[in-house]
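Colleague: The S-adenosyl-L-methionine binding site annotation in Swiss-Prot covers Gln305, Glu355, Asn405 and is backed by sequence analysis. The active site, nucleophile annotation in Swiss-Prot covers Cys433 and is backed by sequence analysis. The active site, proton acceptor feature in Swiss-Prot is assigned to Glu479; the stated evidence is similarity to another entry.
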Amino acid sequence: MAGLFFKPGLLPWYARNPPGWSQLFLGTVCKGDFTRVIATKCQKGQKSQKKPSHLGPLDGSWQERLADVVTPLWRLSYEEQLKVKFAAQKKILQRLESYIQMLNGVSVTTAVPKSERLSCLLHPIIPSPVINGYRNKSTFSVNRGPDGNPKTVGFYLGTWRDGNMVCVQSNHLKNIPEKHSQVAQYYEVFLRQSPLEPCLVFHEGGYWRELTVRTNSQGHTMAIITFHPQNLSQEEFHVQKEIVKEFFIRGPGAACDLTSLYFQESTMTRCSHQQSPYQLLFGEPYIFEELLSLKIRISPDAFFQINTAGAEMLYRTVGELTGVNSDTILLDICCGTGVIGLSLSQHTSRVLGIELVEQAVEDARWTAAFNGITNSEFHTGRAEKILPGLLKSKEDGQSIVAVVNPARAGLHYKVIQAIRNFRAIHTLVFVSCKLHGESTRNVIELCCPPDPAKKLLGEPFVLQQVVPVDLFPHTPHCELVLLFTR
């Protein structure tokens, strides 16, 4: 198979030494007793990393305890991290396959090459090109620190339920870039000189809330401050915006060299741009990224994979597995800023994207226009409402390849119904960052026998190949790219 982005061969692009490795760890496809190698646990003498269940007397500093929660694998070498992740993903797939086979009465997979008792072909994990400081987006909370200061900016330890919540500064975490930590530190400086209290619990009052920092590979930095207006007048509210603006333009915060500063007033835990518009206090309204030969526009509210270099590996993998051609319609569900579909647009007859966040759809349309892509269209709204009508409008007999990249909550069951029941979809690529819960249910309903009671009338899909892609070094998380056909 000739790759869309590479020379002919099966997923060959990661066969190189990750940073700091003395020799190549992963080859092409699993051969031999690979599981025995990757299933090796921590080396002798190394303590296993368990997530702290409380914040009572524990060994280690606050910083170490936060690292154990946010980046549980930080004490392992990156090579060992990949072994742990691969073993975990394989166990998930083994359980999933067993359940699907039980539902079908017989094995539902075809005679593809085996990979250590899996019916599907499990490829080796693709390592992240960047191991430390890889996050391009970080959200910092505001609450009481270990010293009791309520104007501490960082990440949480403990739980509200147990009454032991504490906010710990995060500049030591391996996955956070220095720039993000710098902006968080200066936001803390600003809070501690502000006469207004932070909003720790909504009903107890307070104003200043979390900080989000977004950066691109060129070093441009967007900061977004969330603020609870409480009972402030419009004039008082305007004064606070001017004060924080002055701090980051001409005050101590100027050291952050922000490209843009946004302000969002919010009386809810999480507000979209539609619910409460982001207000640009100064700078550029967007940041831009270069990925897969595309210039991509990113709005404050738009989803973009948090590891840019890893995202390129992920999207290349998706593109390779789709097998699209000039007669294919590519259906990109939960498309975000449209990168997957747009990167494949030159190889397909048409790209159809669906995304809930309006800002992300506007970014996708801008990216298409800027890059001269004319065979794409993007729709705003819930996929379960848009997809059935969109599929009905397409010509019979035209092949459709679907790519789904849902949030951790998975796909709505009506989306699964639409995919199952539209016979022109023969190939489906499913990207999952957390294959359990709703995502597991999605896979089962894609592969189970026809079930009129659930309105699953079309032929079942068959899981053919799985490629793990590590976008989250130092954490247990890993993206899985699953190829289904029927």
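Each residue, glycine too, has its Cβ placed from N, Cα and C.
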Colleague: What is the interatomic distance between the Cα atoms of the residue listed as 'active site, proton acceptor' and Glu355 (S-adenosyl-L-methionine binding site), given in whole Å?
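Modeller: That separation, Cα to Cα, works out to 20 Å.
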Colleague: If the S-adenosyl-L-methionine site is taken as the center of the Cβ atoms of Gln305, Glu355, Asn405, which further residues of that chain fall within 8 Å of it by their Cβ?
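Modeller: Not counting the recorded site residues, we get Phe303, Phe304, Cys334, Cys335, Gly336, Thr337, Val339, Ile340, Val431.
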Colleague: Count the other Cβ atoms sitting within 10 Å of the Cβ of Glu355 (S-adenosyl-L-methionine binding site), across every protein chain shown.
Modeller: 27
Colleague: Minimum Cβ neighbour count within 10 Å among the recorded positions Gln305, Asn405, Cys433, Glu479: which residue?
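Modeller: Sparsest of the recorded positions Gln305, Asn405, Cys433, Glu479 by Cβ contacts within 10 Å: Cys433.
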Colleague: Would you kindly give the Cα-Cα distance separating Cys433 (active site, nucleophile) and Gln305 (S-adenosyl-L-methionine binding site), rounded to the nearest Å?
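Modeller: With distance taken Cα to Cα, Cys433 (active site, nucleophile) is 11 Å from Gln305 (S-adenosyl-L-methionine binding site).
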Colleague: Using Cα coordinates, what distance in whole Å links Glu355 (S-adenosyl-L-methionine binding site) and Cys433 (active site, nucleophile)?
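Modeller: Glu355 (S-adenosyl-L-methionine binding site) to Cys433 (active site, nucleophile), Cα-Cα distance: 18 Å.
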Colleague: Name the secondary structure element type, per DSSP in three states, that contains Glu479 (active site, proton acceptor).
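Modeller: Once the DSSP labels are grouped into three classes, Glu479 (active site, proton acceptor) ends up as strand.
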Colleague: Using DSSP, would you call Cys433 (active site, nucleophile) helix, strand or coil?
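Modeller: Assignment for Cys433 (active site, nucleophile) reads coil.
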